[in-house]
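Peer 1: The structure is given below, and queries will be raised subsequently.
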Amino acid sequence: MASSASRTLLLLLLLVVVVVAAAVGGVLGGGGEERTFIVRVDADAKPSAFTTHAHWYEAAVTAAEGGGGGEWREGGPLIHTYSAAFHGFSARMSAAAAAALAEAPGVAAVVPERVRQLATTRSPRFLGLLSSPPSALLADSDFGSDLVIAIIDTGISPTHRSFHDRGLGPVPSKWRGVCSSGPGFPPNSCNRKLVGARFFSAGYEATSGRMNETAEVRSPLDTDGHGTHTASIAAGRYVFPASTLGYARGVAAGMAPKARLAAYKVCWVGGCFDSDILAAFDAAVADGVDVVSLSVGGVVVPYYLDAIAIGAFGATEAGIVVSASAGNGGPGGLTVTNVAPWMATVGAGSMDRAFPANVQLGNGQVLDGVSVYGGPALQSGKMYELVYAGASSGAASSAADGYSASMCLDGSLDPAAVRGKIVVCDRGVNSRAAKGDVVHRAGGIGMVLANGVFDGEGLVADCHVLPATAVGAAAGDKLRKYIGSSTRQAPATGTILFEGTHLGVHPAPVVAAFSARGPNPQSPEILKPDLIAPGLNILAAWPSGVGPAGIPSDGRRTEFNILSGTSMACPHISGLAALLKAAHPTWSPAAIKSALMTTAYIKDNSNGTMVDESTGVVADVFDFGAGHVDPMRAMDPGLVYDITPVDYVNFLCNLNYTEQNIRAITRRPADCRGARRAGHAGNLNYPSMSATFAADGTRATMKTHFIRTVTNVGGGRAVYRATVRSPEGCAVTVQPRQLAFRRDGQRLSFTVRVEAAAPAKKMEPGSSQVRSGAVTWSDGRHAVNTPVVVTVQAPLQ
């Protein structure tokens, strides 16, 4: 029987939730506009009379509405209940009701829901993962067998050859998940490879209304392609032959070919809703996954308001590695997303493979371009008239302005002016493939997609529906100028030369132009992105019912597709994390991330520092983090930086979060007195060090320090010595300079002191200077590299 105090708390909680439910249901007037809120409950304060959250919420809804149920019902307030990665529920309510609920005993936080968006034959070999003979990482991990990777995405195509289960052992005994069925996804869709599948649409439908089941399916089936693609990058089986429209021929394989997959569909036509994403995290933890791969992102908010950060913390606390895409907002700074330190934040780089499709102009110039168009080629030797609708060429339709026509927006082109011609379209607003469709429907024979200044020289190869290619900003300017100087008597002409697949391209890797960049907008003490992985022009599995261009008019079908994005980079790290966890089952999520980061490299295959694709100049730590992943070195990193959940709580304390803010993330009370005496947020035991100084003109030098602890995983006794590459204008010292380990698993600490000279010249208000270096520990066999970045920021005024 519940105690008197417990009964009192129960009554208070039920009263608040009943009031909220009544307000949402329209029983009480003046509640304001409804939206979805996610409510975190302090598990310690929960009434003992209720053993699960569902009991509590069902009782509350029953009292309010005369009904029950733990899932969203049309017209009902309750959407999801959570009990594994997160303790709480999500419901529709007014802002006033949410504010009232936030004050209830036992309620840790009330968070408004946000909508997120979705952010390979060559990459295993490029990363050194050879199948025959198997590389050490594949052999020691048994190709990831018995590890389960959760893919939180758009679902999966279960019949694809990349997900066959031939040669696999039984489903791991620890697996507790289910195989949800529905349209296009019969109960027998799962196997020993795809061990589980679920879908979560209650949050989406609570906000957007019941889904249109003629356009979407209420099942784990992937009708978009993104989820199938990312799943096969992480853990696709070996498939031969594989190609996209004849490009990138070879053997397709994921990073961990024998790892098991569990698909959690959370993304729909209207986006990916926080309440559904959190439900997927909750299910994944309860199901027993080992790695979560999340190629979804959105705006950056404080961690206690970020449902992804909250769900990821619960997963990490359960020993699950969480890998997330950095976002595709590059090349601008401060664009990185998914920045919580308990997640691996992954940017995108290129491989040594390209798909040239160059533009040959009538004046003899040849402009570099890329494409994976696989249809009928343009007539050999023929030069076609070029037209740019953004110029005064009359190519715009009567209903469109020059801007719309320059972007090749729907209905913007005059068929009479573009028929039989190659149309130049500016990049932006609508999708790249959609522009080609607009040109095709208007009667154009081909398209050149030209970057603008913001896009720079970054190029993405697409499966266009007509002969088309993409060119960089400089080539786009030349092309527009050439067309602008033409006359009716001497029109601008050109053609597109498709050259197929080129291997051994230099330099590689480069940082993809679209890859989101630091610094970390939420906590600059933590360098983000953490590292980069292949994400440009990646070939992977594709559903049979979706055209490769990803637009409704594309009736072509292909078993594999080539896509680009940090969405493609993220599952590379997810699969590699599974291999490392299989090879080192006692390593924590932080240790696995540390191994991937401290062994990453920054040199390309021309032996220069990696460059930024958008500018062609040398990239920096805010572009690539610790560097490009190197799986073979990550297998044996020598030392790792480990982090416990308590360390993350101390980090949050040092961000000056309140106890309630911290409880919203961790669901436990936090005593910040000791954490704040111990140092600052930069003292989280992270595999990078980032210092930000204010150049206020009052100091000649600026100082800080970092305390770090490393764990020996190199196999026994070892002596490591530190070498320092100081950032320009900075003095970096390490104490002690030598770490002598007597045994495997031993932990030793060191301090790094950074002293930065104030800028010699007054900086422009709001400007910053970024200087980077590194501390490297070496025992002659291992090199443990830790980036050190110093940012000097001028005040706004």
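Just so it is clear, glycine is given a Cβ too, placed from its N, Cα and C backbone atoms.
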Peer 1: Which one of these stretches, 219-238, 319-338, 759-778, shows up in TrEMBL as region 'Disordered'?
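Peer 2: Checked against TrEMBL: region 'Disordered' maps to 759-778.
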Peer 1: Please spell out the DSSP helix, strand and coil residue counts for the domain 'Subtilisin-like protease fibronectin type-III' (683-790).
Peer 2: 1 helix, 66 strand, 41 coil
Peer 1: If you draw a 10 Å sphere on the Cβ of H226 (active site, charge relay system), how many other Cβ atoms land inside?
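Peer 2: Cβ-Cβ neighbours of H226 (active site, charge relay system) within 10 Å number 25.
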Peer 1: Long-range same-chain neighbours of D153 (active site, charge relay system), Cβ under 8 Å, sequence gap at least 6?
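Peer 2: The list for D153 (active site, charge relay system) reads L118, D222, H226, G227, T230, A231, A263, Y264, K265, V266, C267, S293, L294, S295, V296, given in order along the sequence.
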